[in-house]
Amino acid sequence: MSFLATLKEPGTSVCLKNEPAQSPSLHDHAPSTAAISREYIANLFDMPFMDLLLKAQGVHRQHFTANAVQISTLLSIKTGNCPEDCGYCSQSGHHRDTTGLQAEKRLEIDKVIAAAKRAKASGSSRFCMGAAWKHPSAKDMPYVAELIKEVKALGLETCMTLGMLTAEQSEQLAEAGLDYYNHNLDTSRRYYDEVVSTRSYDERLQTINHVRKSGINVCSGSIVGMGESREDRIDWVLELASMPLPPESIPVNLLVPIQGTPLGDKVLSEGQLPVLEWIRTIAVTRICCPSSYVRLSAGRESLSDAEQALAFMAGANSFFYGDKLLTTGNASQSNDDRMMQMLGLIPEAPKPKLTVIDALSGHQSQL
């Protein structure tokens, strides 16, 4: 069997010689989520790097079109002065004296729509909108609902990240037609208190549960390289894979250390995580959450073409387009276009939810 045939037939029973009996087989199909244990995830992390990437790419091709990537654009619709104290974030009001970030009010709706039109013209299929809030207020909800409707009218998928949500707010976003809601876990439960103190881990899980129950697709990921251990990365993957339904979209961020933030200063002082460990995390995420989109998010700006190519080989199939992610830099659009052409990557078309209205009851539902 040739190497290429092995890639196309990841279910083959061929195994590596001398492979530990407890380890995941190189060519196994992705396990059911019920079969994923902490030991299984730890063994994935311990696999030889090339074997892990080969396995992850095989799993990826079982569930997604090879070389197709979903492209998103992210816009900050309200910047800075956030009451949360996330140790990595320049938008926190707790760090404004050391980061120098200038807070901005909510963007006018017409400016957001203009940005969405530019995103669509550039090739993005999803438009993501983020606000530096602990949670949206009642007066914010009509504003965000209008944004969702206007962006969907352009034929784009919609995503929002607005902080914590109540069950009622989740329902309001669903009624407006929101496709995805982002609420990252950031790290493991064990390391979480080193990252933020103003929002608990369980509160994050509660918001994700509200979003899931409302019928909105869940987007939830991590930030790798904040000083956490591999054990924390194992626990984070297990948390997602153990959910009744893992997130449809999983961003795996590589920390961009921002001077003036507690975690940024810590990493700049102690040294950054090797990029290959971030790529390992992507591969393990792909294997354990095989039906989820795995997105390259923050941290790409500093990566070489080869490092990003390895990330796509590891099973990533989504990334953010545009020169800026909220307040941090991103790889330039022209550079991404060049890289996609070089790697043979193909943009995926948008698949926004459709609103169906029952002719008798008038009830609206999403397809």
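Using the three backbone atoms N, Cα and C, a Cβ is placed for every residue, glycine included.
Here the structure is a predicted model, which means the values were calculated and not measured.
Cys128 is the only one of Cys128, Cys288, Cys289 that Swiss-Prot places in the [2Fe-2S] cluster site (with Cys159, Cys219, Arg295). Per-residue confidence over the domain 'Radical SAM core' (67-291) averages 91 (mean pLDDT, predicted model). Straight-line distance linking the Cα atoms of Cys219 ([2Fe-2S] cluster binding site) and Cys89 ([4Fe-4S] cluster binding site), rounded to a whole number, equals 19 Å.
According to DSSP, Cys86 ([4Fe-4S] cluster binding site) is assigned to coil rather than to any helix or strand.
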